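Just below is one structure, and these are the notes that go with it.
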Amino acid sequence: MGTGKKEKQRRIREGNTKDGNLRVKGENFYRDTKRVQFLNMYKGGRSVRNAKGDIIKAAPLQDTAAPTARVAPDRRWFGNTRVISQDSLSHFREALGENKRDSYQVLLRRNKLPMSLLNEKDSAESPTAKILETEPFEQTFGPKAQRKKPRIAASSLEELISSTSTDNKTFEEKQELDSTLGLMGKQEEEDGWTQAAKEAIFHKGQSKRIWNELYKVIDSSDVVIHVLDARDPLGTRCKSVTDYMTNETPHKHLIYVLNKCDLVPTWVAAAWVKHLSKERPTLAFHASITNSFGKGSLIQLLRQFSQLHKDRHQISVGFIGYPNTGKSSIINTLRKKKVCQVAPIPGETKVWQYITLMKRIFLIDCPGIVPPSSKDSEEDILFRGVVRVEHVSHPEQYIPGILKRCKRQHLERTYEISGWKDSVDFIEMIARKQGRLLKGGEPDESGVSKQILNDFNRGKIPWFVPPPEKDKIEEKEPGDKKRPAEENQEDQEEEEKEQEEQEEPVSKKAKKE
């Protein structure tokens, strides 16, 4: 009995519980059951033939004889699938036109709507050329003709061939540039603006690899979050990318997130949120794993988008924006742990990556992009944190721009100096205070300038771009941001004054008595 029990346990342990007398056809000493089933998988789906080669049993879908079938007599097979009257169509078109610019209205079931009929722009404009309106027949032919010769582009056949080949070559180059680089080939060109020569370092964030990463993130995302710097929201907004999404991907949701709102006064952040909310849903955010702001509002907004798309198993949320605006930091804040590499320098994120936030919500991190623009100077690009300061040549030439953007009192409080006349004097005073001197006691202008630029970009020096006047929440002096210690001190002084005022009437009554 012990031997049989051991044999039974051995079969269970090895997964061979079937009786040894029952075998699969083809199983022998050389092929076990698993190998025979694997080989039968390749033989399946073929026809069976006899010794003469005639087909005895046809393979699946090989037999030409079709069984007799009958289609159910239903008029829905031959009618229109979706029908709408002209009155309903015009009413829906008017309602769509009224709510089209409202960023808080979402159009559902876009795939089932005749968007070509609802789009007023496509229906209003005619694709045909208006030749007769510009030049009628009477001015070209007949007795009232105003010209003797027709206008032709070329005087000879050779000239026409050369001009055609040149135009075709230019068109092909433009098509190739737009297809490979997309938005990278588009620049904001206006009359009176010329493209100035810049250093190679100021073209960071414009490579083909970065734009390919951006397009992958946009194509894979259902909701796109554009991260802006609260100190300069309009400067760090990629206008060409937002226009591309509005025209090419209107079914994707785009929202703005004002990050680093802890570096500006509360009224400035509120004014920028009010101004940008007219275009897209906007949230104020402070990225921090331990002490964040706006995290609950952002998660609640993502849950609302998830509820809008109940038909999908999950939704993807992509983060785009300028370098060093805090895209990876926001993802770490939402996850409450470090899942993305972050650094106070631009270009830390090299490729896109997927992060799971919830069961139905996924996050996509994207490298920072810098759309090319002829309006942006080297100073503007540097002050937005796009370029690493240690790679900039002659950094002392950008210090006058910092002195214009920042208040004198903030610089005095940060570096504990006062009485400078210009940027050179400002750099020299900081160098001598910190002991950063070269041979002969000369100040290290380059090293101190890089330190000032890093302090400017990393928030150690208070500065911000003031919001539009009509969107200001309160009439306060720009840059008047109080530190927490000063606010607590003022609150304590006010409480002491109130206590003194309450004690004075009591003391007067005691004296009278």
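Placement of Cβ uses the backbone N, Cα and C atoms for every residue, glycine included.
Feature list (source: Swiss-Prot):
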- G321, Y322, P323, N324, T325, G326, K327, S328, D365, C366, P367, G368, I369: GTP binding site (BINDING)
- 468-486: compositional bias 'Basic and acidic residues' (COMPBIAS)
- 487-504: compositional bias 'Acidic residues' (COMPBIAS)
- 211-372: domain 'CP-type G' (DOMAIN)
- 1-23: region 'Disordered' (REGION)
- 459-513: region 'Disordered' (REGION)
Practice prompt. Could you name the residues, excluding G321, Y322, P323, N324, T325, G326, K327, S328, D365, C366, P367, G368, I369, of the same chain that surround the GTP site, i.e. Cβ within 8 Å of the Cβ centre of those residues, in sequence order?
Written response: V227, F319, I320, P346, T349
Item to complete: List nothing but the largest Cα to Cα distance in Å, as a whole number, among the residues G321, Y322, P323, N324, T325, G326, K327, S328, D365, C366, P367, G368, I369 that the record says bind GTP.
Response: 14
Worksheet item: What kind of secondary structure is K327 (GTP binding site) part of, going by DSSP in three states?
Response: helix
Item to complete: Ten-angstrom check, please: count other Cβ atoms within 10 Å of the Cβ of I369 (GTP binding site), all chains counted.
Response: 23
Worksheet entry | Neighbourhood of P323 (GTP binding site) by C-beta distance under 8 A, where only residues 6 or more apart in the same chain count | K204, G205, P346, G347, P367, G368, I369, V370, G385, V386
Worksheet item: How many neighbouring Cβ atoms, not counting its own, are there within 10 Å of the Cβ of G321 (GTP binding site)?
Response: 24
Worksheet item: DSSP three-state call for G321 (GTP binding site): helix, strand or coil?
Response: strand
Discussion item. As a test of the contact definition, list every same-chain residue at least 6 positions from D365 (GTP binding site) whose Cβ is closer than 8 Å to its Cβ.
Written reply: F319, K327, S328, I331, C340, T349, W352, Q353, I355
